[in-house]
Amino acid sequence: MENKFNHFDNEGNAIMVDVGNKNATERIAIASGKIRVNRDTFLAIEQGTAKKGDVLGVARVAGIMAAKKTSELIPLCHPLMITNCTIDFELLPKTLEVEVTSKVKVTGNTGVEMEALTAVSTTLLTIYDMCKAIDKAMEISNIHLRRKIGGKSGDFINE
């Protein structure tokens, strides 16, 4: 089986893949990533005392908005009618990390992997933005696709 990039034509020009002949099916993508912060920042996030307000609440909304805007950020992504997007947080006190997980659903003819990854990335960047006044050394890491369900290429699990 030959692997080839499908966003290029035979001359190497960037193209948007034609998904018009694909069946509309339910597709789900789950992505996650982490941000490591210092102890003061972790406590401010956990206790909701950051100067800019509810860090996780604002970050959640930013992530959902980003999922909806992915095609405006990633040049060859199709605009999608997302049917659901959730952003969840796990506070990890031992490592002073916040883990973000996004789950995006669509009933359509192309997947939502980029939407899930964009949601996680933007959520993490929003946490950074809201906390940078007290912690400029925060580190964002391990952004990755954990699971893809549905579509022509089948399911993918990376957990």
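Each residue, glycine too, has its Cβ placed from N, Cα and C.
For the recorded site, L76 (substrate binding site), the DSSP three-state label reads coil. The Cβ of L76 (substrate binding site) lies under 8 Å from the Cβ of H7, A14, I15, M16, V17, each of which sits 6+ residues away along the same chain. Among the features that Swiss-Prot reports, substrate binding site is placed at L76, C77, H78, M114, E115, with the record citing sequence analysis.
The number of other Cβ atoms within 10 Å of the Cβ belonging to D129 (active site), over all protein chains shown, comes to 14. Positions annotated as active site by Swiss-Prot, on the basis of sequence analysis: D129.
Sequence-ordered, the extra residues of this chain that approach the substrate site, with Cβ no more than 8 Å from the Cβ center of L76, C77, H78, M114, E115, are T70, S71, I74, L80, T110. Neighbour counts of Cβ atoms within 10 Å were compared for the binding-site residues C77, M114, and the top value is held by M114. All protein chains included, H78 (substrate binding site) registers 16 other Cβ atoms within 10 Å of its own Cβ. Taking CA atoms as the reference points, H78 (substrate binding site) and D129 (active site) are 28 Å apart. In this structure the alpha carbons, written CA, of M114 (substrate binding site) and D129 (active site) are 22 Å apart. Residues within less than 8 Å, Cβ to Cβ, of E115 (substrate binding site) and separated from it by at least 6 positions along the same chain comprise A29, A67, K68, T70, C77, L80, I82, C85, V104, V106.
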